[in-house]
């Protein structure tokens with residue numbers, strides 16, 4: 001892949017328009033519904049609405065539920081949806097058919113995967129993660145440490161950029177390493193194959209969180225020889241607010257895996273209604289309760305778009321958009337002290353760029369007020385997600401121009417943009 | 001409440017039509033969309049589609065997601081939905097505001113509640129349930145036994161109608177009792193207050209599964225002094241296929257409860273993104289991950305209907321419908337050896353009637369073929385759910401007439417009604 005570089009001095013809005021005209025992904029823009037006048041750079045938090053989702057959910061409600069009623073568990077394939085829709089995610093993450101299943105929330109799926117992973121190393125008593133990991137991962141691990149620890153909790157070791165490093169903490173006492181592939185704050189990306197190899201050399205099991213990877217960057221779980229992964233479908237995969245999570249387990253672990261949430265949908269013969277739990281063969285044993293059909297139908301509508309997408313094109317455009325954004329920020333915003341915290345090295349970067357600015361909260365509010373939607377993470381990070389299916393090069397140009405104008409006019413100092421105690 | 005009784009000799013279809021004409025709940029029938037020619041007696045498995053659900057989900061997709069995008073987490077109240085919608089369920093189950101929260105699946109919520117319950121009795125090592133409980137409850141408890149047991153699993157004791165009884169197994173070593181209020185196969189209902197009192201006398205914590213109770217019978221959790229409860233919203237509450245579960249915890253336990261699924265939405269300050277988990281005050285600590293907004297919006301549409309419903313009227317009609325059904329079955333179907341297994345005592349009966357018949361599977365298929373939809377549970381139970389908001393007395397008459405005709409003509413012996421290996 002050719003990694004683009006931009007000389008901001010030689011770019012103008014027309015250059016960006018020319019890049020859009022030549023972009024093979026431009027036609028996908030019309031597969032999404034975005035409000036007039038909005039530049040949406042928060043698809044890393046909640047993906048935009050695919051054009052066909054509403055009609056598909058409507059069809060499922062009216063025909064499958066309203067008319068089919070209970071018969072749709074068979075006739076409309078509801079019962080098998082978690083696996084069928086998992087198979088639609090598989091090609092986006094380097095998984096095989098039958099290795100991915102839809103779950104409930106990422107937190108529950110991570111619990112499910114991590115318990116199964118740790119149980120593969122019953123004699124080891126350490127779980128490794130990262131201090132800067134998305135907090136729910138750390139909170140879930142706290143619970144796993146206690147529940148699996150027996151009479152005393154498992155030990156937790158957290159790596160960080162300031163140390164200790166992964167190599168510092170790996171040893172023959174480590175059962176599981178749980179890392180998020182692309183960091184939610186900075187957009188920094190791990191080398192999945194290299195990290196997995198080092199974890200395996202230490203004899204531990206690797207669990208990847210793909211929340212900011214699936215649909216954002218090419219992922220090759222089997223190529224990296226990973227063990228388990230979970231991810232989110234409401235960000236880059238556009239499944240809708242709170243869309244269900246997915247769980248991947250390498251086929252080699254299916255037989256031995258013992259998940260923690262042993263619901264009847266993960267039973268070998270759920271309709272025998274037996275008293276004892278017998279895990280289903282394959283990935284099905286990771287299922288829990290009755291699948292959320294309406295939520296899954298919205299996700300399925302979006303994954304039909306993804307079935308047409310070439311992830312190599314997504315990656316190339318993602319790098320072009322993020323390079324362009326960083327070049328323009330460097331050129332036009334550096335004088336206000338705004339700093340790019342996302343790695344410059346394309347191999348270490350996901351599909352977002354984060355900017356550090358002490359008054360980032362107010363600036364982001366002012367930006368949203370103008371229809372350029374990114375988000376903010378405390379204490380000082382403005383995040384911008386670049387979703388190549390519906391964000392253009394001109395959008396990048398216009399977003400930086402809006403940012404520059406806000407900084408220049410100091411409109412963000414107005415009281416109405418001051419911090420509120422609310423979801424940001 | 002007057003418990004009706006019917007003399008089947010003196011009833012005809014016109015009598016049933018007169019009962020419908022006098023029924024205060026008849027107007028609710030038009031709040032639901034049912035296919036032409038269908039008599040739906042499976043609302044105990046999947047509730048019918050409320051008339052306004054499709055439009056509400058459509059609005060949430062188009063306006064809140066499509067236009068509001070990420071802003072809707074604040075502006076449309078998405079983040080608070082699990083509690084706000086929990087408050088809509090509260091009056092149906094005798095709970096106070098702030099005691100109910102929407103979860104993921106019933107299995108996950110039961111895991112959440114049972115771990116919290118057992119942790120209130122750390123020195124006791126027995127969990128009690130029922131052999132005939134819905135299997136997912138038993139499977140979840142198996143996992144809880146292992147995870148909470150430390151170096152050896154907690155002990156499980158299962159009561160059953162053939163013994164041992166609850167009093168047989170209660171003792172000062174019992175931490176938690178988990179029972180389903182209304183049995184999914186037979187429709188038998190426990191006396192919630194009496195059972196809870198006996199459990200408390202033994203010093204144990206009571207967890208109720210309300211899957212077949214919420215919206216089916218009046219429930220008074222606080223009146224019964226219960227501790228925890230979970231339930232399902234896709235049966236009598238008409239939330240849609242796989243609609244999310246709910247979890248109730250008595251207010252007195254909120255401060256000390258330590259759930260197992262410690263996701264970021266249950267954190268005291270989720271947007272501080274701290275490294276350590278601090279449970280939120282109140283029922284919020286039982287939340288896990290990002291709420292499934294689309295699924296919750298369908299449930300909310302249905303609960304707006306329930307807000308207008310008088311549960312005493314529901315109960316009265318439910319008893320009338322089930323009494324009528326049993327009287328007609330006794331009168332007209334007994335000669336084929338069909339037996340009612342649901343308790344005759346109204347105080348012990350939920351809102352379904354189950355019939356035992358060796359060839360029940362084929363008979364049910366033939367019945368569904370005629371548009372009378374019930375379901376079947378192995379090995380020999382035909383289940384009929386009576387949902388007073390959209391099932392009429394004439395429906396009951398017509399259903400029994402169809403059953404009688406099928407038995408009389410022996411149409412169910414046709415090969416097309418033979419058992420398939422499928423979801424029934």
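Count begins at 1; order follows the chain as displayed.
Glycine is no exception: its Cβ is also placed from the backbone N, Cα and C atoms.
Together with B:106, B:107, B:134, B:135, B:136, B:137, B:180, B:209, B:212, B:234, B:290, TrEMBL lists one candidate of B:65, B:264 for binding pyridoxal 5'-phosphate, that being B:264. Residue B:180 (pyridoxal 5'-phosphate binding site) sits 15 Å from residue B:235 (N6-(pyridoxal phosphate)lysine), taking the C-alpha atoms as the reference points.
Geometry remark: residue B:235 (N6-(pyridoxal phosphate)lysine) versus residue B:212 (pyridoxal 5'-phosphate binding site), CA distance 7 Å. Checking the recorded positions B:180, B:212, B:235 against chain A with a Cβ-Cβ cut-off under 8 Å leaves nothing. Annotation note: residue B:212 (pyridoxal 5'-phosphate binding site) sits in a coil segment as assigned by DSSP. Residue B:235 (N6-(pyridoxal phosphate)lysine) counts 27 other C-beta atoms within 10 Å of its own C-beta, drawing on all protein chains shown.
The Cβ of residue B:106 (pyridoxal 5'-phosphate binding site) lies under 8 Å from the Cβ of B:136, B:209, B:211, B:230, B:231, B:232, B:245, each of which sits 6+ residues away along the same chain.
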